[in-house]
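Asker: Here it is, the structure, as structure tokens.
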Amino acid sequence: MQSVQSTSFCLRKQCLCLTFLLLHLLGQVAATQRCPPQCPGRCPATPPTCAPGVRAVLDGCSCCLVCARQRGESCSDLEPCDESSGLYCDRSADPSNQTGICTAVEGDNCVFDGVIYRSGEKFQPSCKFQCTCRDGQIGCVPRCQLDVLLPEPNCPAPRKVEVPGECCEKWICGPDEEDSLGGLTLAAYRPEATLGVEVSDSSVNCIEQTTEWTACSKSCGMGFSTRVTNRNRQCEMLKQTRLCMVRPCEQEPEQPTDKKGKKCLRTKKSLKAIHLQFKNCTSLHTYKPRFCGVCSDGRCCTPHNTKTIQAEFQCSPGQIVKKPVMVIGTCTCHTNCPKNNEAFLQELELKTTRGKM
């Protein structure tokens, strides 16, 4: 009898030890998924190489670029889900609320060419497009860059032609042999994509195409960026332009950050409200914009997340115009710098020196 009690006591003791060991290991794993008190001193020099259709996003700690986690994959603060695909990190199964599984936000399904897609699901109707179902709405982006990069303005009668053996078409200049562009004037129009609705409105059959905004034309001071989109009732590819300012030219490059050991200051917010200016126009309202900082180790910082607002400008007495303006959310620092990055830093330093003199 005493032997049985002794054996039972040892088993209970072993179970308690295993339980404490398991809790300790879980605590260590959870700790690796939390945001550190401060970002690591160095992120990878090059952006991560993600699978086709997967975006590179800032981790949940806003430190480094990572590949967005997809549906069914594990997620955490350091490995965020692809929110643009309607995904969120479901942490209900983790008592510590540190890790989870990327799950689609409940939404309506989509129907495309007779096929039903769930909200958050990605698909390719052809080799030219990557589409995503978002709560009953289908959004598509082109896989062919030439499909949205329009020819130069001096290109007479531009038209697209198919290339044998290739998926993507290409632009050529010159009059059409049949003297009719036909459907080529609507580069994004696809009569077969009816989504099961028989109507004459061309916008219903339009696969949305919108490029990313180009880099700002100036490294400092007010410049402009462009994109091409067919988000209009005619489904026509139109060029859009917005004002942008990555940083003011009087920013000091020799002091990129106030934190000891840091070589870059990614994002810096203006301490005082300022009027935006371009040419002879001044904004009616003041703003406290965010700017991208500079690095002391040769890297350059560029906008990562941006949005566009409509700002009112007064260009002459009584003349008020509205202009789209880029607003910076976050910036990222990397080594993929423009060729004139060194000259840009020298220009900043020269202007700063003159200002001090």
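Each Cβ is built from the backbone N, Cα and C atoms, and glycine gets one as well.
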Asker: Which one is it, Cys15, Cys63, Cys64, Cys67, that Swiss-Prot ties to Cys39 with a disulfide?
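Answerer: The record-listed partner cysteine is Cys63.
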Asker: With Cys61 as one half of a disulfide in Swiss-Prot, pick the other half from Cys35, Cys81, Cys89, Cys102.
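Answerer: Swiss-Prot lists the disulfide between Cys61 and Cys35.
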Asker: Can you tell which of Cys264, Cys281, Cys292 is bonded to Cys331 by a disulfide, based on Swiss-Prot?
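Answerer: Answer per Swiss-Prot: Cys292.
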Asker: Between Cys50, Cys75, Cys81, Cys89, work out which one Swiss-Prot annotates as bonded to Cys67 by a disulfide.
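Answerer: Answer per Swiss-Prot: Cys50.
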Asker: In Swiss-Prot, Cys75 is disulphide-linked to which residue out of Cys64, Cys89?
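Answerer: Swiss-Prot annotates a disulfide bond between Cys75 and Cys89.
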Asker: Taking the domain 'CTCK' (264-338) alone, what is its mean pLDDT?
Answerer: 86
Asker: Counting Cβ atoms within 10 Å of each candidate's own Cβ, which of the disulfide-bonded residues Cys35, Cys333 comes out highest?
Answerer: Cys333
Asker: Hey, which of the disulfide-bonded residues Cys63, Cys81 is the loneliest by Cβ count within 10 Å?
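Answerer: The disulfide-bonded residues Cys63, Cys81 were compared, and Cys63 has the fewest Cβ atoms within 10 Å.
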Asker: In whole Å, how far does the CA atom of Cys337 (disulfide bond) lie from that of Cys281 (disulfide bond)?
Answerer: 31
Asker: Where the distance is taken from Cα to Cα, which of the recorded positions Cys61, Cys63, Asn280 turns out closest to Cys81 (disulfide bond)?
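Answerer: Nearest by Cα distance to Cys81 (disulfide bond): Cys61.
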Asker: Please report the distance from the Cα of Cys333 (disulfide bond) to the Cα of Cys292 (disulfide bond), rounded to the nearest angstrom.
Answerer: 9
Asker: Which of the recorded positions listed here (Cys64, Asn97, Cys300) have a Cα atom within 10 Å of the Cα of Cys39 (disulfide bond)?
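Answerer: Correct set: Cys64.
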